[in-house]
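Student: Pasting the feature list from Swiss-Prot:
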type: SIGNAL; residues: 1-40; note: signal peptide
type: BINDING; residues: ASP51, ASP99, ASN131, HIS234, HIS257; note: Zn(2+) 2 binding site
type: BINDING; residues: ASP51, HIS53, ASP99; note: Zn(2+) 1 binding site
type: DISULFID; residues: CYS66-CYS71; note: disulfide bond
type: CARBOHYD; residues: ASN167; note: N-linked glycosylation site
type: CARBOHYD; residues: ASN347; note: N-linked glycosylation site
type: CARBOHYD; residues: ASN361; note: N-linked glycosylation site
type: DISULFID; residues: CYS367-CYS372; note: disulfide bond
type: BINDING; residues: ARG368, ASN404, ARG409, PHE432, PHE515, ASP521; note: AMP binding site
type: DISULFID; residues: CYS379-CYS401; note: disulfide bond
type: CARBOHYD; residues: ASN418; note: N-linked glycosylation site
type: DISULFID; residues: CYS491-CYS494; note: disulfide bond
type: CARBOHYD; residues: ASN532; note: N-linked glycosylation site
type: LIPID; residues: SER564; note: GPI-anchor amidated serine
Amino acid sequence: MQTPKRRRGAQGCPRSSPSPPLLLLVRAVWFCAALSVAAGSFELTILHTNDVHARVEQTSRDSGKCTGQDCYGGVARRATKIRELRAKHRHVLLLDAGDQYQGTVWFNFFKGREVVKFMNSLRYDAMALGNHEFDNGLAGLLDPLLKHANFPILSANIRPKGSIASNISGYILPYKIINVGSEKVGIIGYTTKETPVLSNPGPYLEFRDEVEELQNHANKLTTLGVNKIIALGHSGFSEDQRIARKVKGVDVVVGGHTNTFLYTGSPPSTEVAAGNYPFMVQSDDGRQVPVVQAYAFGKYLGYLNVIFDDKGNVIKSSGNPILLNKDISEDQDIKAEVNKMKIQLHNYSSQEIGKTIVYLNGTTQACRFHECNLGNLICDAVIYNNVRHPDDNEWNHVSMCIVNGGGIRSPIDERTNNGTITLEELTAVLPFGGTFDLLQIKGSALKQAFEHSVHRHGEGMGELLQVSGIKVVYDLSRKPGSRVLSLNVLCTECRVPTYVPLEKEKTYKLLLPSFLAAGGDGYHMLKGDSSNHSSGNLDISIVGDYIKRMGKVFPAVEGRMIFSAGTLFQAQLFLTWGLCVSLLYFIL
């Protein structure tokens, strides 16, 4: 922070009385310093959440169902910390960067009413739309969220087309100017332009380039005399950084979508930091722009303090996400409202399906980066559901299943309730209500799909394919588009099923989520037409029936997906290089 000039800081200082001189001198110095800061700067505290995904109740360490003592998050605990920080700081904004919808039985049952109720109760100041806010179509966004929220809902890069424009006019705003004390703060929203392939917004919404639209509205705000601008949105950490670099006038970026954990210092829980908090980006016009996210699932509350000079420039930013653990009590009024709504859920969510005797790893860190045993279980269940009577040529008509890692939304802990799996827990794993469909596809297109699976591996996106009836070997040291070293599939025209090399010109049958069959997550090569695509059963019904039939499940990680020695060598090389640089730094 820049030190104010002495003459300016001295203006208006009271004269000291002779008695008692020391006490009065201290008070005078304190008062003058406070006056100096107030005259030349403005401090803003930004509390923020992103990717909460219907975690109304407190959760386990890995954001599944919590029944023990080691619990995190939940709206009641968040309310306590927000109230505390509002009392501590004078100028506070509470913001959400999207994806409040979808993820637990709460959303499946209440369809977003729970989101509106508790966001209103916590008095959010603004929210940006995430892709999952469109999971129930535009109608499911309009009512309840858009019609009943007591706070502005923002996205500058969504443009309605045709008659739909009049239906949502005034509900989705590009920006909002909020009076904070004597200052005006502009907040511009943005939503990932990948939303049409990630969710269900329908054909009448256009998702434009984030940077271009943000710049247009930042220019408008500047013209209106607003010199403190926050970009609040849901496009992922890489896009957040691009916005910070490219958009003139944006002072702070509050993001979401990639569940990015940023932290300065030693992390307080199991999440590994992707960088410091705030993550500082130098803009193309030479400014330092803080970029923040707060992981996901309401486990943390983002906590950023920003000091602006009198021209609206950021001169200091600091903070860290606050871990909402058991040391923070739950607000009893909010807790009572949660329990009241929970009564309606009980019969729906408490149905017992079966048991697991192993941890079903459905975490982001597992299923989006490598083979996960919950992905194996899901696809094995889908194959089992499609076993038919053999004939003279085939033991079964289909042997292969894929599911995108981003479609697996929660783990199931075998140490909770003696391994009992309830409908609530299974709904948290597969919350989207999709089907597993049958597709006929050429081997060349399937190979292309597996290249797409790892084209940006390591960024935590949801495209990585979990499989059954397929064995794939990747080399991430190669360029995207040429990373599949081998792809073997389980034969069907055989008496003893074995894995054989994929034939590019052969047509195969493949089981996959309806989301992927519609081209979701960028899998345009899987998008089928009515001649080669047959709709199947509900995903949660398929997996639930399989678990019921098995009674107890214990899926393993089996080497269905392998990253080659070349990839491992590259990782070791980067690690060694990083250690050498660190060692050299300390030596010098």
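Cβ atoms are placed via backbone N, Cα and C, with glycine included.
Help me understand the surroundings of these features in the structure.
Tutor: The Cβ of ASP51 (Zn(2+) 2 binding site) has 28 neighbouring Cβ atoms from other residues within 10 Å, across all protein chains displayed.
Within its own chain, HIS53 (Zn(2+) 1 binding site) has ASP99, GLN100, TYR101, GLN102, GLY103, THR104, PHE107, HIS132, ALA296, PHE297, ARG409 as residues 6 or more apart in sequence whose C-beta sits under 8 angstroms from its own.
Taken residue by residue with DSSP, CYS66 (disulfide bond) is part of neither helix nor strand, so it is coil.
In the three-state DSSP scheme, ASN167 (N-linked glycosylation site) falls into the helix class. Counting every protein chain shown, the number of other Cβ atoms lying within 10 Å of the Cβ of ASN167 (N-linked glycosylation site) is 13.
Its Cβ taken as reference, ASN347 (N-linked glycosylation site) is surrounded by 9 other Cβ atoms within 10 Å in the chains shown.
DSSP assigns ASN361 (N-linked glycosylation site) to coil in the three-state reduction, outside any helix or strand. Every protein chain considered, the tally of other Cβ atoms within 10 Å of the Cβ of ASN361 (N-linked glycosylation site) stands at 22.
DSSP assigns CYS367 (disulfide bond) to a helix in the three-state reduction. Long-range Cβ neighbours of CYS367 (disulfide bond) (same chain, at least 6 residues apart, Cβ-Cβ under 8 Å): ASN361, LEU374, GLY375, GLY405, GLY406, ILE408, LEU464, GLN466.
Here the Cβ of ARG409 (AMP binding site) has 24 other Cβ atoms within 10 Å, regardless of which shown protein chain they belong to.
The Cβ neighbour count for CYS379 (disulfide bond), using a 10 Å radius and every protein chain shown, is 26.
Note: ASN418 (N-linked glycosylation site) has non-local neighbours LYS355, i.e. same-chain residues 6+ apart with C-beta under 8 A of its own C-beta.
In sequence order, SER399, PRO497, THR498, TYR499, VAL500 are the residues of the chain that are 6 or more apart from CYS491 (disulfide bond) and have a CB within less than 8 Å of its CB.
Applying an 8 A CB threshold to same-chain residues 6+ apart, the list for ASN532 (N-linked glycosylation site) reads LEU439, GLN440, ILE441. Look at ASN532 (N-linked glycosylation site): DSSP puts it in coil.
SER564 (GPI-anchor amidated serine) falls within neither a helix nor a strand when secondary structure is assigned with DSSP, and so counts as coil.
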Student: Among the binding-site residues PHE432, PHE515, which residue has the fewest other Cβ atoms within 10 Å of its own Cβ?
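Tutor: Counting other Cβ atoms within 10 Å of each of the binding-site residues PHE432, PHE515 gives the minimum at PHE432.
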Student: Are there any residues at least 6 positions away along the chain from CYS401 (disulfide bond) with a Cβ closer than 8 Å to its Cβ? List them or say none.
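Tutor: When sequence neighbours closer than 6 are ignored, CYS401 (disulfide bond) has CYS379, ASP380, VAL382, ILE383, PHE436, VAL467, SER468, GLY469, ILE470, LEU510, LEU511, LEU512 within Cβ distance under 8 Å.
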Student: Restricting the comparison to the binding-site residues ASN131, HIS234, PHE432, PHE515, ASP521, which residue's C-alpha is spatially nearest the C-alpha of CYS66 (disulfide bond)?
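Tutor: Comparing Cα positions, the closest of these binding-site residues turns out to be PHE432.
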Student: Can you give me the Cα-Cα distance between CYS71 (disulfide bond) and PHE515 (AMP binding site) in Å, rounded to a whole number?
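Tutor: The separation of the Cα atoms works out to 32 Å.
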Student: Taking ASN131, ASN404, SER564 as the recorded positions to compare, which has the smallest set of other Cβ atoms within 10 Å?
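Tutor: Relative to the other recorded positions in ASN131, ASN404, SER564, SER564 has the fewest Cβ atoms within 10 Å.
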Student: Starting from the Zn(2+) 1 site formed by ASP51, HIS53, ASP99, give every other residue of that chain whose CB sits within 8 Å of the mean position of their CB atoms, in sequence order.
Tutor: ASN50, VAL52, GLY98, GLN100, TYR101, GLN102, GLY103, GLY130, HIS132, GLY256, ASN259, ALA296, PHE297
Student: Could you give the Cα-Cα distance between SER564 (GPI-anchor amidated serine) and ARG368 (AMP binding site), in whole Å?
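Tutor: That comes out at 17 Å between the alpha carbons.
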